[in-house]
Amino acid sequence: MSKRRVVVGMSGGVDSSVTAWLLKEQGYDVVGLFMKNWEDDDDGEYCSTRQDWIDVVSVADLIGIDVEAVNFAAEYKDRVFAEFLREYSAGRTPNPDVLCNAEIKFKAFLDHAMSLDAEMIATGHYARVRERDGRFELLKAFDHTKDQSYFLHRLNQAQLSKTMFPLGEIPKTKVREIAAQIGLPNAKKKDSTGICFIGERPFRDFLNRYLPTKPGPMKTPDGKVVGEHIGLAFYTFGQRKGIGLGGSKSGSGEPWFVAAKDIASNTLYVVQGHDHPWLLSRELVAGNVSWVAGEPPADGFACGAKTRYRQADAACVFGLAATGAEAAGPAGEARFSLAFDDAQWAVTPGQSAVLYDGEICLGGGIIESAATGQPGQATSTGHAPALAEAR
């Protein structure tokens, strides 16, 4: 009887390497596949693609599996990077890793793996898949400190039915132990951080290669000009560092934070104090939705939600549709609202709002707007909250 073939996405890191080894030990016919998703800067100081490939080959030789490289750079630029730039240009803060998983790692990669006669694919993500009554559920990892279901919430039934996450039941510390015990050449390699195509380079420097600077006023809620920004695309909601007001002693003397953007007037609004009302939200509206089960939860469903990675689940109530002026959007586009029990800090348009029912990831959507702690205010795409005197 032939062994079941599993194609493993190998990045050169410890997690995907241990994933391949575990599956080989379990008797699967394992094939490693290295994805190259970015063409530029291959010889630059910030690009590790060449070394990553060397590490993949070394690991494959050690554990005794075949490995090949596949180039998805064109698909990545078309499906992920173009959207990344569009979102930043519109003043939002996107999460390209979420889109990369849905469009590249579990679509282009999955399609290629099937062409290699694979029955399943596997990655080193920390998450779990469970089949129940013919449906597939996406679950949090056993090690909640490493859980990556937030980034995987756009996966659908077809993708999950073909996916394995061997590390979902294993603590990260155990993964490191396994790597050392079997002598993996990359056992002590640091975990990768940041957006894959940016690497370790300064984010603002990278973004400036693709988006022009467009200076404008930096104002407080009462309309006072306190500085000049270099372009709204270069700032994100809740940002503290890099604003350029560190030495300013005006106002309360507390740290400054980015609180809103007004695209029409090219104005960046800043406030002082971590818990300023403009940084706190009890409600949000999200669009571009995706549900793991293929359908949304029931209207009024009480659940938990994350509005950023590694955030604790925040208790909230799900609404099938937003109400009021914020409900306006592209015709036919599904949207939802969340009403939180407690105010959430720096809910950022462009990021993902991901819903959970305990351990089960239900799916989510892209945050479009978030009502702040003051009546009549909202942080949304292209609009600043109402000025203080208008409250």
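A Cβ is built for glycine as well, from the same backbone N, Cα and C atoms used for every other residue.
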Kindly point out the range from 32-51, 232-251, 372-391 that Swiss-Prot annotates with region 'Disordered'.
372-391
Please state which member of G124, G134, G168 Swiss-Prot lists alongside G9, M10, S11, G12, G13, V14, D15, S16, M35 for binding ATP.
G124
Would you count the other CB atoms within 10 A of the CB of Q351 (site 'Interaction with tRNA'), including those on all shown protein chains?
26
For G13 (ATP binding site) and C100 (active site, nucleophile), what Cα-Cα distance in Å is obtained after rounding to a whole number?
18
Taking only same-chain residues 6+ apart in sequence, whose CB is under 8 Å from that of G9 (ATP binding site), what do you get?
S16, L33, M35, K105, F109, I121, A122, T123, G124
Express in Å, rounded to the nearest integer, the largest CA to CA distance found among the ATP-binding residues G9, M10, S11, G12, G13, V14, D15, S16, M35, G124 named in the record.
16
Check the Cα-Cα distances from S11 (ATP binding site) to the recorded positions C100, H125, Q351 and tell me which is shortest.
H125
When the Cα-Cα distance from H125 (site 'Interaction with tRNA') is computed for each of the recorded positions D15, C100, Q351, which gives the smallest value?
D15
